[in-house]
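Asks: Marked as active site, charge relay system by TrEMBL: Asp148, His214, Ser540. Annotation source TrEMBL lists domain 'Inhibitor I9' at 43-117. The domain 'Peptidase S8/S53' annotation in TrEMBL covers 140-591. Taken from TrEMBL, the feature domain 'Subtilisin-like protease fibronectin type-III' applies to 649-750.
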Amino acid sequence: MGILKHSGSNSYHHLNPKSIVLITHASHSSAAAAAGNEQKDFHIVYLGDPPEGVSAVEHHMHVLSSVKSNDEAVDDMVYSYTKSFSAFAAKLSPSEAQRLSRHEKVLGVFPNRYHKLDTTKSWDFLGLPKTAKRNLKTERNIVVGLLDTGITPQSSSFNDHGFGPPPKKWKGGTCSRHANFSGCNNKIIGAKYFKLDGNPDPSDILSPIDVDGHGTHTSSTLAGNLVPQASLFGLARGSARGAVPGARIAMYKVCWVSYGCSDMDLLAAFEAAIHDGVDIISISIGGVNAEYTSDALAIGAFHATKNGILTVASAGNDGPNPASVRNHAPWILTVAASGIDRTFQSKVQLGNGKIFSGTGVSLFQPKEKLYPLVSGFDAAIDEDNKETARFCYDGSLDAKKVKGKLVYCKLGQWGRDSVVKSLGGVGTIVESEQYLDIAQIFMAPATMVNSSVGDSIDSYIHSTRSPGAVIYHTQEGKVDAPFVASFSSRGPNPGSTRILKPDIAAPGIDILAAYTRLRTLTGLDGDTQRSDFTLMSGTSMACPHVAGAAAYVKSFHPNWTAAAIKSAILTTAKQMSRRVNNDAEFAYGAGQLNPVRARSPGLVYDMDEMSYVQFLCHEGYKGSSLSVLVGSKSINCSTIIPGLGYDALNYPTIQMQVKSQQKPTVATFQRMVTNVGRGPYPVVYNATIEAPKGMEITVKPMTLSFSRVNEERSFKVVVKAEPIAGYSGILSGELVWRSPGHSVRSPVVVYKQQD
């Protein structure tokens, strides 16, 4: 599935040497080195502004030299961040890191962590057709930045026919040619790569080129050109395009095939993107479940927010586990994955005439009416391997028993089709109760069936002297939608009980978009299938849909803040069915993305960076930990005007946790909305409330009147909830402000504290 690993990465050039310095030495070839008897590992050290008359780079070296000799400091310094915030990456032993954390100029010291990577039809399904209203003049000045695996400039999704020069605001300069990378054009106006750990990646190329395919796919989903008749060998045929095909793309390669995406590289890319002048940042990379003041992705996104740039990030692929959502800082727009009304299925016919339907993409036409069929269990290489052979693990099967046959396997790992094919097998029928809502691409005839069908197939195999079967070429089908993907990470938010996450859902299942020819469709040994377009699934695919919608909204409202754009997207989302999605708002947030309605939300819940600082103080963060966000040790929560209400934040959604099993829980939420409608004035909004049994919602006042644009009005929401029975009950209500032309909806969620 399309989820990137956030792991170590190193950028050697493309950055202004006057503001960012990368020091490379032979000793950087490994991520850790011995320091006496202590191991050295990469760390990120945050500092305040340098003393007057001292450059940031000199300041960084001076601080590092306080715990090392000058020669060691030069050797162990890796990278200086100087554009958007002051920090450096260096190799430190545990004792050095501890000593630096006590330095008067140091705001924080954190270890470098590694993260993982988390459309013909999807935009039409979302109600954004090719004919949708566009502000093309402004759209051509929008620059979307992606932190990903790189990009494929040769793709037709990124040609620059009809594009003029980059916008005058662009500060990223031009990009050079690199290994396998032909350079930028007037569509891809920026392409940089970051690999600060210095470790060579034999599976990747040290350039902005995309070897994995993930970054090419997300980029084209967000802002790719319209490409008629795009398909995966005839499947999903249609016009592939992004939300804002007129926008420009800047790629920041931070994720590497063998290593994933590192904190050091993520921060370097955030800094470069902010400096270069991107308008929206899309980051389909899994976050770490850390505090907001120690999570590099959250820190980078906060600095982007300070500069008016909205960061859109994937929620993660660890669903349906509760509290598995990632990238949940309130200044990030967190995206869950949903399905569209298209499915890919293959028929399986058994020798007894019975026909079953399986899920997946098998691009092969059968050459025989039937093939011999065997179970992996019966094809084990020996008695000791029978249990592992049931799952068709590598090394567990006997080639003589597999050759020329279809093999029935239980799903233990992806790639069973590769194992069977390598032994001379014809194909694979895989049984699984997981991932049946996504179409895995297979490198040989194969399909995935549920356990009920699997039991029938297994029974047939063991009740027939000469069992046989055939798998037919995949066909497209229809399915009721939208629904939340089984793999999409769920709430409640592990970072705060007061903020609903994920924020919203968008298509992330079987999305057709551009791909690279440097990788086969499966990436498995023995696969020879290559294509300019492919199907991918994951919250990684959902994220660029929302980032594209954000860019679409910004093309009509270029002066809106990041919070205003986020509010517009959340309050106009299409409500999803709780009957279909048992986890309710913990699965889909405010609902399904609705780009056209987001263009004209009527009212927005706006915020600035201080709003988030007030929220963090309210959450119990200390001023000392907030210094990495605000850039100063002088911040003190006791001297900051406290945020108002239960959550101390003007968030577009409302969430409350029930803490008592004996008496009702009551919370008051303070909100302010800004009128962004065009009138005619005066315009009046009336509150409509829906609350299930066990929840009461009171709004004061119930009517808001506006006489001009940008006028603000405040109101109070009181939520009262009775104790909730059951282990993890969720109560779903809503507050909707309605005028003759707009409906501004905020879900109200109450949930029980988990034991």
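Counting starts with 1 at the first residue shown.
Including glycine, each Cβ sits where the backbone N, Cα and C put it.
Heads up, TrEMBL stuff is auto-annotated, nobody curated it.
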Asks: Quick one: among the active-site residues His214, Ser540, which has the most Cβ atoms sitting within 10 Å of its own Cβ?
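Replies: Of the active-site residues His214, Ser540, the highest Cβ count within 10 Å belongs to Ser540.
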Asks: For Asp148 (active site, charge relay system) and His214 (active site, charge relay system), determine the Cα separation and express it in whole Å.
Replies: 7
Asks: Distance between His214 (active site, charge relay system) and Ser540 (active site, charge relay system) at the Cα atoms, whole Å?
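Replies: Per the Cα atoms, His214 (active site, charge relay system) and Ser540 (active site, charge relay system) stand 8 Å apart.
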